[in-house]
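I have a structure here, written as structure tokens, and I will follow up with some questions on it.
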Amino acid sequence: MYKYDNYDQQMVDTRVEEFRDQTRRRLSGELSEEKFRPLRLMNGLYLQLHAYMLRVAVPYGTLSGAQMKALGDIADKYDRGYGHFTTRQNIQYNWIKLEDAPDILADLAKVEMHAIQTSGNCIRNISSDHFAGAAADELVDPRPYAELLRQWSSFHPEFSYLPRKFKIAVIAADTDRAAMRLHDIGIQIVKNDAGEIGCAFYVGGGMGRTPMVAPLIREFVPLDDLITYSEACVRVYNRNGRRDNKYKARIKILVHEMGKDEYTRQVEEEFAHLKSQGIEPPLAELERIKPYFADPAFKTGLSDKIDRTDPDFALWVDRNTVTHKAPGYVSAVISLKPVGGIPGDASADQIRLMGELATEYSFDECRVTHTQNIVLPHVEKARLKDLFDVLDANGLSSPNLDTIEDIIACPGLDYCSLANARSIPVAQKISKRFAGSGKTAELGELKLKISGCINACGHHHAGHIGILGVDRKGVENYQLLLGGSEAEDTSLGKITGPGFSEDGIVDAVEKAADVYIANREDGERFLDTYRRIGMDPFKEAIYG
Amino acid sequence: MKILTGNDLKTGDVTWWDGQGWSRHVNDAVDVGDKADEIAAREEASRNVVGAYAIDATKDENGVRPAHIKDRIRALGPTVRPDLTLKPADPAAGNWVI
Amino acid sequence: MVEFLRFRDDEVSESPAVTVDAFGEQSNAGAVRIEPGDDARELLPHLAHITRVEVNFPVFGDGRGYSAARILREAGYEGEIRAVGDVAVDQIAYMRRCGFDAFEPEKAMNEADVKTALERWENVYQKTVDGRAPIWALRHGSADA
């Protein structure tokens, strides 16, 4: 994985000192909260419901064992012994003191990490495929491109006060594991007819109040134009995006209101102009980055055999491991969704343990997924049982990847000052209900996603089943959505009808699951059946 | 009644205006009447609090109860982590917020 | 305290700045003031006789002025670009990178903070219009990228 050189380290260290100085000026009264707020946000520091919250960047979701361990140490040293992995592949700490924040950033910098631009109206952490470098179906590893974009977007002087936040995802497989088309810019690394590698640009996707699937604006941007084209896309947005209404300020609204064709025309015009400015790093820079993401020294001649004698282990293998490009290896997914647990939360001990396991079993690498789980990307099949036993002894062996128990949930009203309703208790009740009834296995792949407000951090629009928490006269109320997907068949869920109480929504989800079981045809997932039979049978069962 | 709440600038702790200063316990909150803006401005300027705002609440023999669930969760702590609330010994404390 | 900051050797132009609209009708004015919603490119045909462009920041969070300044520099404009309005010390380093060479903030800035802010970043990741060699250029041995 990527290693900082002296320049990268100096940039991050400088940022720590800058923020230390800004924090000092805030605490001494030289800086007002109004002026300090955007500065702390650009260092990932929010003022949340109960305390300050720090969001640490995990660029393209990749961490070394030592970095993961450092995240566990921070949870103990500065927080209350746990962290929360987010749908943007980051980690959040919920109980941070302002006066500690510069020291935390300094601790992060020691392991080549930071919280730069994890909030604010700027370009956020670049996300990517959590199986990058391991997936059998990828064209190339997308992370070198993401790293190039990370450096370009960090401390970007023109794009630090955009109309609104700006999220970029990079993938390099036709199977989309990063919700690419639901980002402000989604980039797919592709090969053209001439066999050259380049980038397809999708611009103007997003969830939130007005969900949109990003349209393709250019099929092929040559690699040596990647930064210049990105700069053109963001400049057109910075100049023309709406600033009169923060709910209409995302680029998706600009692309929608201006029209894809006009937006594209302006980008192309800006791109032609910027080409004359020589702002593109040479391809040599990409070539410098690439070797950091070269394959680790996979052993050859390994057996693909797995001893399935232990039924719990066999179930976990079936559910939580994914095909790897190298024979004899798999990618193993550690579910952070124990039945009745808090989706995405892990204790300091668990975080450190996962770091150690990354070092021991996966060439010193782990990944954070946008579904709030952890991946050990390169595990020998012959060592899976040993790994499983350690996970099992530490509450990390839930065999429920991509099932109805593998719920995405935002922190909701338990932690978030923007939320209208709690998300976590609903997730807990649903996972308990289905684990208890034993229907989880029967339902197969069923992606359930819960947001506690319209901002959609829990990706409810993109769930096969989505749940949106709203405030109805001071009482929590939950709307049900069906038919969303954030994979390569991206679609937005539709609301079934009137909302439910906390217990009512759990019943409604169960009824929807039953409609699927009663109507499915061979091999159909919940989403396939919904798409075939439509909303009506579900509505009838839920409200009838 | 109107009560005033905010977060401690340095620690981020949720605090309530108790008439003299800031308390971590909502039951110490006092009615600020129409003085909320004045107190908030003064206390923010002296950096005792950040993000202060006034809310509606009621008071009876059980104590002070903010009108909105969001502020009740602020007063208690996360309902999904009873161990981290201000009443860690009371597993049913979360019922108070509903 | 710093009320006015300028990184130029030429004489300070005192001519009053006209709006971009007014400039369109009477393009012999020597100084223009760009508001956030104005298109800086309307000035491009006339850059040769403009000595000062003021870019107004009514609120610091509106970042359109950064693009406006950079566009003028990219077009070869060599006169003064002055940031005016809600401009704070925490923004001036990025503004310098976008081509601003004068600052007239509403609220004076602390002198020590200004010095720190301008000297803080020894290196930069992007190539812009300030002539600094980005890190990628330093890595690949072309300091004058």
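Cβ atoms are placed via backbone N, Cα and C, with glycine included.
So TrEMBL says this about it:
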type   : residues  : note
DOMAIN : A:52-110  : domain 'Nitrite/Sulfite reductase ferredoxin-like'
DOMAIN : A:119-273 : domain 'Nitrite/sulphite reductase 4Fe-4S'
DOMAIN : A:342-393 : domain 'Nitrite/Sulfite reductase ferredoxin-like'
DOMAIN : A:404-542 : domain 'Nitrite/sulphite reductase 4Fe-4S'
DSSP-wise, what's the residue breakdown of the domain 'Nitrite/sulphite reductase 4Fe-4S' (A:404-542) into helix, strand and coil?
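For that range the per-state counts are 58 helix, 27 strand, 54 coil.
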Averaged over the domain 'Nitrite/sulphite reductase 4Fe-4S' (A:404-542), what pLDDT does the prediction give?
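Per the prediction, mean pLDDT sits at 97 for the domain 'Nitrite/sulphite reductase 4Fe-4S' (A:404-542).
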How many helix, strand and coil residues does the domain 'Nitrite/Sulfite reductase ferredoxin-like' (A:342-393) contain under DSSP?
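Going by DSSP assignments, the domain 'Nitrite/Sulfite reductase ferredoxin-like' (A:342-393) contains 27 helix, 14 strand, 11 coil.
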DSSP says what for the domain 'Nitrite/Sulfite reductase ferredoxin-like' (A:52-110): how many helix, strand, coil residues?
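Secondary-structure composition of the domain 'Nitrite/Sulfite reductase ferredoxin-like' (A:52-110): 30 helix, 18 strand, 11 coil.
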